[in-house]
Amino acid sequence: MTSPLCFWCFCVWAAANWPPGSALQLQPGMPNVCREEQLTLVRLSRPCAQAFIDTIQFWKQGCSGPRWCVGYERRIRYYIIYRHVYATEHQTVFRCCPGWIQWDDEPGCFSSLSSLGTHFSGRECSYQDTRQCLCSQGFHGPHCQYEKNKHLESELTPGFLQKNVDECAVVNGGCQQRCINTLGTFHCECDTGYRRHADERTCIKTDPCAGANGCAHLCQTENGMARCACHAGYQLSEDKKACEDINECAGELAPCAHHCVNSKGSFTCTCHPGFELGADRKHCYRIELEIVNICEKNNGGCSHHCEPAIGGAHCSCNHGHQLDTDGKTCIDFDECESGEACCAQLCINYLGGYECSCEEGFQISSDGCGCDALDEQLEEEEEEIDILRFPGRLAQNPPQPFPYLDPSLTASYEDEDNDDADSEAEGEVQGLTALYRVVCLDGTFGLDCSLSCEDCMNGGRCQEGKSGCLCPAEWTGLICNESSVLRTGEDQQAPAGCLKGFFGKNCKRKCHCANNVHCHRVYGACMCDLGRYGRFCHLSCPRGAYGASCSLECQCVEENTLECSAKNGSCTCKSGYQGNRCQEELPLPA
C-alpha cells in the first residue's frame, strides 16, 4: 500500500557543454582579437529527491498473550528524478576587434575593414578571394594608396630634381606598429616581443622563452625580453643561463641551531649527541628519557630470563628448556625425543639437559656422544687393574703414554667406581709410593700437556719456565678460566679446569656454552671470554661496556668514537680525532 507524498528537492546545477563557436578559433593574444561577454541560453539538469510513503507488514509480539500477529508500519522512501530547465548565462567569446576581419584560418585578424572600398588616387581597391588589391597603373601598396615615385624612375634623367615621398605619412604605410621611411621606399618594423607576419606589415606576438632560451631552470618574460631564473637554493652563474648551488651553510642563510649539512639546492640541520631536531627542522632540543625496566617487577612475568623489548618484556629460557605457548613459562625440552641429542646409543633426558649412555659391551667415547666397543681381554684385565690417581690426573696403572716420567711423586691408589673407600683400604693405600710423575716439555702443561701460555685467560700471566698461568685474585684454574668466588658468595678455590667444552669429574660431560668457551669444572657454568656475557656467553657486550662479564664502562668520548673494544675498552676514533679516549681534535693542515 503506497501513497504519494509531496516532499522537497535538493537541486544541483550542472552546466551543459558550450557549443563550439568563434572562441575555439580565435584565442586571446592573437593580433586584433578582442574579448566579448554575451548572454547565452543553456540547458541545465536539476536532480530532485521525491518522497513517498510505503506501508509494510511485520510480525510483532504481545497481540494476545505469547502469540505473534501481523502488524503494519508506515515508512518514507525516496527516489531521484532529473528535470531540465533553461537559463541564460554570461559567456566569454573572442572576436575580431572593430575594424578588423579574419580570413580563412589565419591565426588572428590581420585585415582592416577600413581599407575595403577605400578610394586612393581615384582608384578603387577591390578585395577578392585572392586577398590582394588590383592597383591601377602608377599606384602601389596593399590598398593601392601609394603613387609610384616618378622622380626615382627618372633619376637618371639629367637635370631632373628628385623629391622623396614619405609613405609612412598615409595610414602609417599600412604597418601595424612602426613604419620606417627610406629614400624612395619604406618598410615596416615590429616592437620588441613581436615579429613581422608574411605580409611584411602585420606584427605577431612572439614568446621569447620558446625552447627555454637556453635557461638551465626557468625562463621568464619581462617587457618582451627573456630572462633566466633558478629554483630555490640556486643562483645564476656568470653566463646568466646556468644555475649553481648556493651553500647556505657557508654564510648565515641556514639558521641551524647546531650543525648544518649542505646539499644540492638545500641544506639539512643536525644536532649534537643527546639532542633531537625540532618540528621546524632548525632548532635542537635535549633528549630526556625516563627509562623504565619492565623486567624489574616480577621478572616481567618470565620464568627464567627477561629482557626489555619494544612493546613489553622478551622472555627466554635456560639451556634445555623452551618457552610454553604463553611466551613466558619455561618447560623442559626433551632433547632425546626431539632428536637433537648427539647420543649414538642411549639417551637419558633430565630437567634442562640430557646425558648419553651405552649398551653393555660399550663405553662412552671422549666426545660424550659416541660409544666405543670394549676389548674382551682388556675388560678382563680391568677387573684386576687398580686406578692410580695423580694430583690432576687419572689414568690406569701404568700411566702410558706420558711425555716424560720422573720418580718422586707420592700418590694414592683407589678404585675408580668407589670414591669413598673405607678407612682400612685408605690405610693400605697410604703406604704405597708412586714410581712416576708427569713432566711436560717445550713450554707445555696441563693434564695431557696440551696447554701453553697462549691459553692463559682473564689477565693471567705465564709462570717462569712456562709451566702454567699466574692468575689474578678473582680467577683460578689451569688457564685462569674459573672464578675463585662461587655463586654462594664464599671465596673458594675451584678444582683444576678441563679443556674447552667439557666439565665433570673426568671432564667427559659437555658444556652447553656458546662460542666453545670454558665452563666450571664442577658445576658446568659457562666462564665467558672478555667481551661476552649471559648464562651461555652467547651475548656480546652492549655498547659502552667491556671486559669480564661486560662489567666495565668504556671511557671513550662517545660523539668522537666509532667503536669501543668489548675486550679491552680501547677506543677507535672517528676521522679528525685522536687520543686514548678520542678526546682531541686533529689540527687542520696548514
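Glycine residues also receive a Cβ, built from the backbone N, Cα and C atoms like all the rest.
The disulfide entry in Swiss-Prot for Cys188 points, among Cys175, Cys203, to Cys175. The record in Swiss-Prot pairs Cys243 in a disulfide bond with Cys230, which is drawn from Cys228, Cys230, Cys260. Checking the candidates Cys168, Cys203 against Swiss-Prot, the cysteine paired with Cys179 through a disulfide bond is Cys168.
Among residues of the same chain six or more beyond the domain 'EGF-like 3' (205-244), those with a C-beta under 8 A of the stretch's C-beta atoms are 29, 31, 191-195, 264-267. Under 8 Å, Cβ to Cβ, and six or more positions away along its own chain, Cys109 (disulfide bond) finds Leu26, Met30, Pro31, Asn32, Val33, Cys96, Cys97, Trp100, Ile101, Gln102. The Cβ of Cys215 (disulfide bond) lies under 8 Å from the Cβ of Cys209, Ala226, Cys228, Ala229, Lys241, each of which sits 6+ residues away along the same chain. On the backbone, the CA of Cys269 (disulfide bond) and the CA of Cys179 (disulfide bond) stand 61 Å apart. Cα distances from Cys179 (disulfide bond) to the disulfide-bonded residues Cys203, Cys256, Cys271, Cys284, Cys456 are smallest for Cys203.
The disulfide-bonded residues near Cys249 (disulfide bond), taking a 10 angstroms Cα-Cα threshold over the set Cys168, Cys256, Cys284, Cys462, are Cys256.
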